[in-house]
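Undergrad: Below: one structure in structure tokens.
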Amino acid sequence: MLEILADESVGGNSPTVIINRGAKKMQWPFIGCGGLGFSKTAHFTCFDSMTQLCEEDIPCIHLPPQHRSVYKMSTENKMRAVVFHSPYKVAVEERPIPKIQDSGDIVVKVTYTALCGSDLHTFRGIEPAGTGFVMGHEVTGEVVEVGSGVKSIQKGDMVVSAFTTSCGECFYCKQGFSSRCEKSVLFGCDHLDGAQAEYVRIPNADGTVMKAPEGVEEKYLVLMADIFPTGYFAASNAFKGYTPEQISEQTVVLIGCGPVGLCALINALEFKPKHLLAVDSIPSRLELARSLGAEPWNFQQDREGLDKRVKELTNGRGADAVIEVVGLSPALRTGFDLLRPWGTISSVGVHNGEIPWAGNDAYDKNLRIQMGRCPVRSVSPQALDVLKKNQHKLGFMADKIMPLSQAVEGYELFNAMKVQKVIFKAGE
């Protein structure tokens, strides 16, 4: 917080302003927006990325470029962050910039941080959570601090972080199951502040982050923190155990065409199944699915037609695989009903309800199912290969880039499903 003092006798377009910072006083003329004579002490919340200071009764005061370094120095320990207070209530607040707490930590100056569908589980109160923590788990940025034990990352590196931390050394990490690392913590919860901020501390950095590759725009690289690898994980599990020849004859149903679902769609098409049906109830999402190469189906308008179409394509058997990304029991049940015996359900939706079928139903179908959180760090190399080939198709994911300062509006838009994805640009 800066204290700004102005002399009443000073007015016009170049008032002299004294910055009171501790025992030191610095004085220089500011370039104003006209007629700024005033006599008062005004308090401003300031951030190192801003070049102007604003207060409701002072329209606009611009900091001269030659003094910006002084201004940045005086605010270097504060940042903006999106803080969760209660269901449906987040706020952009000033917080201390995080510091190294453990030798394996790094601190990243955030470039892009995104809003994920699973953030809405917290926002809507579906998933129990405390309050007062920084939201978000999708982030890219520049490393500005490095713990003494970090081996693979240096200051100045551009990185993308997985949405959960992983050590890279435990049994699960070595098996390729980094999502169940023995030291795993989810960003954006009671235990670890998240990435919707101007800076973020990342524990276990060697096993958690990936250096930014060449040839990928950073606004798309942020998708590698969660949703694109999750889409890869969902698709690869659906086809696991099958040869390319077998996959080329398969009919696959994707349930859910939100951001994760469309990432799963792009990844599934890389495996080249014979038919890929995309199911949702929102016309704009279905149109995107069509443009990406799937056959769209609105289940609310024509559920019976969907059933008939799957049977028609499979000689009455049912789908060979179902990819479910919604996280609701009715969606999982729909997938089960559309599936043939010995078929596979790959589910990455975050489920809080009970499994919607009985044990004998699964037994009679010889059901194969893979559920759970994506091990982002483990599958990142394979997922990145797919993203590099397909980033030209991802424009719809980056058509709503907002300043971090407008995060409250971003949450409202995303919660109302008025946008496909929200990406926040930190420092704005």
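Glycine is no exception: its Cβ is also placed from the backbone N, Cα and C atoms.
As listed in Swiss-Prot for this protein:
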- Cys116, His137: Zn(2+) 1 binding site (BINDING)
- Cys167, Cys170, Cys173, Cys181: Zn(2+) 2 binding site (BINDING)
- Lys393: N6-benzoyllysine (MOD_RES)
Undergrad: So which of the recorded positions is most packed in, judged by how many other Cβ atoms lie within 10 Å of its Cβ, out of His137, Lys393?
TA: His137
Undergrad: Identify, among the binding-site residues Cys116, Cys167, Cys170, Cys173, Cys181, the residue whose Cβ has the fewest other Cβ atoms within 10 Å in this structure.
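TA: If we count Cβ atoms within 10 Å for the binding-site residues Cys116, Cys167, Cys170, Cys173, Cys181, the smallest count is at Cys170.
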Undergrad: Rank aside, I only need the closest one: which of the recorded positions Cys116, His137, Lys393 has its C-alpha nearest to that of Cys181 (Zn(2+) 2 binding site)?
TA: His137
Undergrad: Provide, as an integer number of angstrom, the distance between the C-alpha atoms of the residue listed as 'N6-benzoyllysine' and His137 (Zn(2+) 1 binding site).
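TA: Roughly 23 Å, rounded to the nearest whole number.
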Undergrad: Under DSSP, is Cys181 (Zn(2+) 2 binding site) part of a helix or a strand, or is it coil?
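TA: The residue in question, Cys181 (Zn(2+) 2 binding site), is coil (DSSP, three-state).
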Undergrad: Using the CB centroid of Cys167, Cys170, Cys173, Cys181 as the Zn(2+) 2 site centre, which other residues of the same chain sit with their CB within 8 A?
TA: Ser166, Gly168, Glu169, Phe171, Tyr172, Lys174, Ser178, Glu182, Lys183, Ser184, Asn204, Gly207
